[in-house]
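Below is one structure, written out as structure tokens; the observations come after it.
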């Protein structure tokens, strides 16, 4: 085991803060409508240009192990916020840095870090309550477009595309983002269905870049039993191979020699296949399989209907124009089902929703209706170059996450105003002076997102913050055009979920940093350049001349 270096107290915290600052300073330049780009080196190909906080954070790895620990903890803030809300990663990083910076002053002054943490937690809980009170539902297409535009770095066309997609497929529908073929963004609405099961083996992947298996014009075999014996599958595999089309198998499970044979056939190119577990459990699984059968115009192989794998023909298999299978999701696009049958199935499920007694059952039934009736919207991102397309695609994905978050928990005024208004309404007290200091740390940190937005726009932060604090309600500063006014009317909106997640995750990690008193890291080994030094003995080789 390698020797470890152990550092205590202020020395440990100072190193960690250095790491926090390096990462946060790199990320926060991207904040706001006038935020700058960050260029990331790639080991091959063109560098990536991004304004996405979490993409920048993930690239940073510091040489100094102690500094790197601090940087990695703040990276966790960005990653967790991205996972929870899909956006707000830069805001979360800015808040974390501010809480750490303010908190370290109090720790250095001798205050109890644990009480500071309790104060921070109290202030965050109170702020979350205030944000929920400020938030208003996001219902109109215009509001959805505004949220999308802000999240896509003030690109109105992206916001409009997302709002249009949501309007077409409903808030429950599936929206995916793809590379476009032209210079402009396009929106395609495709009838389809998505369920949360992915490929059973990574050997089915045929698109390494997206890590997905894509089947064009496939047959679909639906079975409500476990398949482990390849002999059961042989008749249907032979029929599909003769037809020269791919096959997707959706069953309770596929294992053993059946799965191995499918994988081998796929790798050798004899038969393009993919195997997926059926979604849901128990009765819900049977119902979901029936939904897929109706959508694809096939039949479920089940004992109840007298169908077995040996007897099934191509006519009883479902069909679709295209199927995309990822690690966790399968999207079935343009199934071969009859519109009348699908409509009848939707009516049947809606009747079940009326009779459902539990909220959980109702929610699951509504999901099924959305999957049958909603369809899939595909936003095709257009750009002049591949580098621009990658950057734009990342922004579209961010904006999509933000709009979903807005629909879920409502919207608050953007541009850092929501945190300032929530701060003004907080009237809590700590149990002792150290907890009071913890509350003050959070209240001060809540100014930081606005300060950073203003700074990136090239204005004087203190002047703008003071003016915004004088105002009330939605009054704030629009950095895009340098004007003051009602943020909601100007269309500068943030999803409440994004602001809440950013603050909670930032405070959680920052409080851990403040309460750290010891760091343990491997001692860096001096890699001596030696080894070649003994070659001096080779001088005797001169005598080799006599060999001639």
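Placement of Cβ uses the backbone N, Cα and C atoms for every residue, glycine included.
As the structure is a computational prediction, the values presented were derived from the model and not from experiment.
What Swiss-Prot says about this protein:
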- 30-33, 51, 87-91, 415, 478-480, 494: ATP binding site (BINDING)
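Shown on the structure are the features that Swiss-Prot records.
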{"residue": "30", "record": "ATP binding site", "CB count, 10 Å": "22"}
{"residue": "32", "record": "ATP binding site", "CB count, 10 Å": "27"}
{"residue": "51", "record": "ATP binding site", "CB count, 10 Å": "21"}
{"residue": "88", "record": "ATP binding site", "CB count, 10 Å": "32"}
{"residue": "90", "record": "ATP binding site", "CB count, 10 Å": "28"}
{"residue": "415", "record": "ATP binding site", "CB count, 10 Å": "26"}
{"residue": "479", "record": "ATP binding site", "CB count, 10 Å": "25"}
{"residue": "494", "record": "ATP binding site", "CB count, 10 Å": "30"}
- request: For residue 494 (ATP binding site), name the DSSP secondary structure in the helix/strand/coil scheme.
  value: strand
